[in-house]
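Written below as structure tokens is the structure these notes are about.
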Amino acid sequence: MGSNSLKNPLLFSDEVEPGYVKNSSFLKSSVKWGLKIVMWVIFIAWVGVIFLYPGEIGSQLVEKIINATNGSVFGTSGSLFLVFSAPILLIAILAVAHLIISGEHVFEKSKSSKKPGFRLWTFPVLVDGPFGVVSAAEFIGITLFVVFIIWAMYAYTLRNISLLTLFDISSSETGRLMLELTGLRCGMLGLLCLIFLFLPVSRGSLLLRLIDIPFEHATRYHVWLGHLTMMLFTLHGLFYVIGWTMNGTLVKELLDWKRVGIANLPGVISLLAGLFMWVTSLHPVRKDYFELFFYTHQLYVVFIVFLALHVGDFVFSIVAGAIFIFMLDRFLRFCQSRTKVDVLSAKCLPCGTVELVLSKPQSLQYNALSFIFLQVRELSWLQWHPFSVSSSPLDGKHHLAILIKVLGGWTARLRDSILSMSEPELSKTTITASVEGPYGHETPYHLMYENLILVAGGIGISPFLAILSDILHRINDGKPCLPRKILVVWAVKKSDELPLLSSIDMESICPFFSNKINLEIDIYVTRESGPSMEEGKVHVASSSSCPFSGRSMSPLVGTGNNLWSGLYVIISTVGFIILMALLRIFYIKPYNVSTWWYLGLLFIACMVTSVVIFGGLVIGLWHLWDRKASANDKDEDIDRIKVESTPSYGTVEDKDLTQNNPESSTIIQYGTRPDFKGVLVCGPPTLQSSVAKEIRSHNIRRQKHDTIFHFNSHSFDL
């Protein structure tokens, strides 16, 4: 690849006529920008209505919209759905078009600048605070939410005072009513926050893919919003409990289940479920009792259903949009995770690491920064564990590899199962895997910079093996790839982990790669003062081959087919609207159904039914299409899978790394740790804090070439 190609966007191959490329590129760019503008306008208007709603102006605006639209078949619930839920669903549908038009990501060399670099999404503003390391963009979002809560409580308080002046009641009765009105307002604020709560945890959501924020990073937004939402709902319930106690009707009110109006008992059940989730999600509990946190969090089903019973259909329609997007994502993940996946090979490496090579269809796309959730049914039907992908998508079209460090009970049982498979008398042992994902960044950031600094500790080298393999494949195949200078800094406890780096044969992937790329590997063995006596001894991994039955990963989730993903969202949404219309025309109106909690239950039932029936229809057609597409070269695929699963992931031996990769500069240092002074990385919370202090306290300037410092799944680019 010539140097001139690095100066221009890497778009198309040379086989495409330049004139066609220019026109096509201009048209695509124009449509994409048009879609972006429309989505931004909808989003800003939507957020603006939510922000203004607690005040007189916002409430009057919403009331006008309701008066103008509630004459439709959907009634008041349809009007509120149109205002608060429809915009986010419309953005999701437009995101489908944007992702389809965008296709494969295009990247180009970042323009160098001598001015200090500052980017909202990566520059840390808060360090060591209650939110951890907070970037400038995140700080702006937190500030806006704080301003919103303060403004809303102020506006609601003024409205409460104005409302109380209309009644001639005693001061004690005024205080009680003020408590209940404040509780009502806290509940409304909680609903407005709940609108956003489910969006960050929709793992395969088109919205997260649109803004290219992987869900593992967006989860922190769910945590922040969860604390805020549950605080408001707790105050909502607490103020009412105090008011009912003052009035002497506490037990009666708690058990009340009205036909028309708010049903209190479902609200109590919903709040208790939320409190269980909230308490078990606090850091000390989640850290020491993760399974308790995980299983208790499944109470979100109880929380949502009884919330709908508590407030009825028209109030629940305020939060229905985000919950519907979460339902779509959850059902898609459920369907994918039910598929059994062939384990093409399983190995136990001498360093206490397990390697699994899984079968995948050619249609399932991912990049080198992806990770998956893995379930092994012989070990547990409930446990799912995340693992970084250690193979490049260019290593083979029909397989995917992961490295698993044996650290706990589940991984120890997995290792024992693999070892037993290699013994003839225990050869009947099998491994049945299920996979969810791949997840991760939509954009291959590791290909967008000339200089890369990759910092890893122990098994953290796994995603960087995928990155190195991906870069070498692209350079060898002449595909778009900007990196030309790579520094790998790897810290391990003991030297028995060193063979992990030899699991990719760089020379076979890209012969004479040192002529095309400058690769430097600095390894630090922290708990040994020098090379072990057995360093020259070959340690062969225990490996087991598994029978291939044609079962591959499902392509439903991850960076898969944008067209089918879009059809799934669009048809499910349209199906929900059709079901609601039919329900109101043929059941609710003819039979004059007016019970609030029952209408809320019907609303939830329509959401679930549309996802299962209409979404399930799309998923079924998606599977048929995928089978038909892969059936054309089925026999060729089987042979190719068997071949591809061997070379890059063969037996790992304990070799001298400097001899294994003679063309690369590999330095191994014993009894020392890497000195990150002047090197910026991002990783666990403690490391994030120390690094963020360095970034904030120094005047960071762009160098001659842009550099990305990457640790695990997060990065600061400078």
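For all residues, glycine too, the Cβ spot is worked out from N, Cα and C.
Values in this document were obtained by computation on a predicted structure and should not be read as measured data.
Annotated features, as they stand in TrEMBL:
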- 33-53: transmembrane segment (TRANSMEM)
- 73-101: transmembrane segment (TRANSMEM)
- 131-156: transmembrane segment (TRANSMEM)
- 177-201: transmembrane segment (TRANSMEM)
- 221-242: transmembrane segment (TRANSMEM)
- 262-279: transmembrane segment (TRANSMEM)
- 299-328: transmembrane segment (TRANSMEM)
- 336-445: domain 'FAD-binding FR-type' (DOMAIN)
- 452-472: transmembrane segment (TRANSMEM)
- 563-587: transmembrane segment (TRANSMEM)
- 599-625: transmembrane segment (TRANSMEM)
## Note on the structure
Best-packed against the transmembrane segment (221-242), counting Cβ pairs under 8 Å over 73-101, 262-279, 599-625, is stretch 262-279
### Task
For the domain 'FAD-binding FR-type' (336-445), jot down how many residues DSSP puts in helix, in strand and in coil.
19 helix, 40 strand, 51 coil
### Task
Could you tell me whether the transmembrane segment (73-101) and the transmembrane segment (131-156) are in contact, taking contact to mean 3+ Cβ pairs under 8 Å with a sequence separation of 6 or more?
no
### Task
Average the per-residue pLDDT over the domain 'FAD-binding FR-type' (336-445) and send me the rounded value.
81
### Task
Could you tell me whether the transmembrane segment (599-625) and the transmembrane segment (299-328) have 3+ CB pairs under 8 A, leaving out pairs under 6 positions apart?
yes
### Message
Considering only Cβ pairs within less than 8 angstroms, which of the stretches 33-53, 73-101, 452-472, 563-587 has the most against the transmembrane segment (599-625)?
### Response
563-587
### Non-local residues, at least 6 beyond the ends, that sit with Cβ under 8 Å of the transmembrane segment (73-101)
28, 31-32, 35-36, 38-39, 42-43, 45-46, 49-50, 62, 65-66, 195, 199, 205-207, 209-210, 313-322, 324-325, 562-563, 565-566, 569-570, 573, 580-581, 584-585, 599, 603
